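Quick notes on the structure that follows.
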Amino acid sequence: MCAPGQENEKQLQFLDIGVNSHLALKWLSCGLLKCFRALCCKGPPPPRPEYDLVCIGLSGSGKTSLLSQLCSESPENIVSTTGFSIKAVPFQNAILNVKELGGADNIRKYWSRYYQGSQGVIFVLDSASSEDDLETARNELHSALQHPQLCTLPFLILANHQDKPAARSVQEIKKYFELEPLARGKRWILKPCSLDDMEAVKDSFSLLINLLEERDFEPSRM
């Protein structure tokens, strides 16, 4: 027979082994549960951020066609925008809510009424246009870059219709539009594009999304 002290010591050892076994089983079950959830119970993916953009440019620059192609709309249903239209353009990492403004002479003077709430700007120009139209596009871009509601926003400038023989190169447009001195200190992207190469257009929009994301993480200014 064991002495009373030895019997109590054995009981404590048995109890300690039981507690440790219970904890070990609990930790093991928790680990298995976490693995099971990770493998089999994935929740819905996090929602993509949405950005509100304004798209401007002269009539005939190709704004509507580019946006419609990005939305996978049928080319037969494309109609030139006379007032304004809004399209939700989906990308893998963001959704762009693009407000496209008509580019006719009698509409451009009202553009600024639709700038409020914009987080970025898309400016589309016809790189193969006449000298007069190119000069008008230059003036409109200068006005947009300096507008109080747009001047701090990221700009994506698309030199469209690069598939046409008369198209000017990006370097020619950058020099003619005086982008380097005018947009110094601003965040802007100038890219060539055409409907024949929509992958390049998507890449240009991806660069704009990067600028929008960077703006999200900027520390607020007091």
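Positions of Cβ are set from backbone N, Cα and C atoms, glycine also.
These figures come from a predicted structure and were not determined experimentally.
According to TrEMBL, the feature GTP binding site maps to Gly57, Leu58, Ser59, Gly60, Ser61, Gly62, Lys63, Thr64, Gly103, Asn160, His161, Gln162, Asp163. Neighbour density for Gly57 (GTP binding site): within 10 A of its CB lie 27 other CB atoms from the protein chains shown.
Taken from TrEMBL, the feature Mg(2+) binding site applies to Thr64, Thr81. Within 10 Å of the C-beta atom of Thr81 (Mg(2+) binding site) sit 18 other C-beta atoms, taking all shown protein chains into account.
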Whole-number Å value for how far Gly103 (GTP binding site) lies from Thr81 (Mg(2+) binding site) (Cα to Cα): 8
CB contacts for Ser61 (GTP binding site) [other CB atoms within 10 A, all chains]: 24
For the binding-site residues Ser59, Thr64, the one whose C-beta sees the most other C-beta atoms within 10 angstroms: Thr64
Lys63, His161 as binding-site residues, winner by CB count within 10 A: Lys63
Listed in sequence order, residues with CB under 8 A of Gly103 (GTP binding site) and six or more positions away: Ile56, Gly57, Leu58, Ser59, Gly60, Ser61, Lys63, Thr81
